[in-house]
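Engineer: This is the structure, below, for whatever I ask next.
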C-alpha cells in the first residue's frame, strides 16, 4: 500500500511540474518527445484511448442507466491551447453539470470539455470502434465530487475522474446546436493562447439520444497519462456540420516557428488493452428470429471448459448498436 501511495503521489507531482503552456508535445515525435518523467505514458497498463471491438464486449446486466443533472445552459471559458481546444466550466453552484449512475460508483461534476479532431473527416476520434475512427470526439471531463471539489485533486485519486465520450460524425447539412455555439466561440480565438468567455452553452443538446454505452478503466490521453479515469463511451454519435469541423482545423498556434494547427498530431493512437474488460449495457444475446431478450445469463467460464466460448453477435461498424438495431 505504501508503494502504491508513493507511486500515485509521484504521478501527481510529475503532472503539475512537468507540463506547462511552453512545453509542447506531440505523439508523432515532433516538438518535444514524451519526457521520461511521464512514465505512465510509456509503461502504464491502463492507458487510453482504446479500440473497441464489439465482439469482445462483455454484457453486464448490473450496469445502470446514466443519470444526469444538467442546467439548461452552462457558462465557461474556451481556450485555444497548444494541444487542443478546451472549454473550462465556470465554478458556480448554479452552473454545475452532474453525472451519476451508469458504471459510476460516485457522483461526478463536469470540469472541462475537450474537442478532438484530426486532419481529415475520417480520422478525428481518439477511440475507435472495430478500427474505425469518427470525425470528432467530444470528451466531458468530470471530477469525483463525492470525494473532492476539483479536477486537480481528483486526478490523483482512484476512481477520481470520469470522462464521458461522445462520437461525432460529419454531415453535409445536419448539425448540433450546442456544437455550433462551440464553433462560433472558437472563431474568436484563432491563435494559440487566446481565450473567450462563453455565457451560454446548451450541454444537453450535445448528448446523443441513447441510453447505451461501453465502459472501461483507463487514463487521460495527454501527459502525464494518469490512470485514474473511468471512461463511458456512448454507442451513438451525434451529427455535426462538416463545414464546422473545417473551421476548427484552421485554428493556429501562436508562434510562426512552431508551424501547424492546434489539431495536428494530438490524436493519440489506440493503446493495448492488457486484458482489461470492456463492459456494456447493450444486450447482444440474440436468438435468430426472436425479439431481443434481457434474459440474465452468467457470462463466466470455468477452467474446465476451455473450448467453449459465448456468442457476442456481429459488430455494427457505424456505431455500437443495441440488439435488434441497424
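Keep in mind that glycine also has a Cβ here, set from the backbone N, Cα and C atoms.
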Engineer: Labelled region 'Disordered' by TrEMBL, one stretch among 279-302, 303-326. Can you tell me which?
Structural biologist: 303-326
Engineer: How does the model score the domain 'Alpha-carbonic anhydrase' (23-282) in terms of mean pLDDT?
Structural biologist: 90
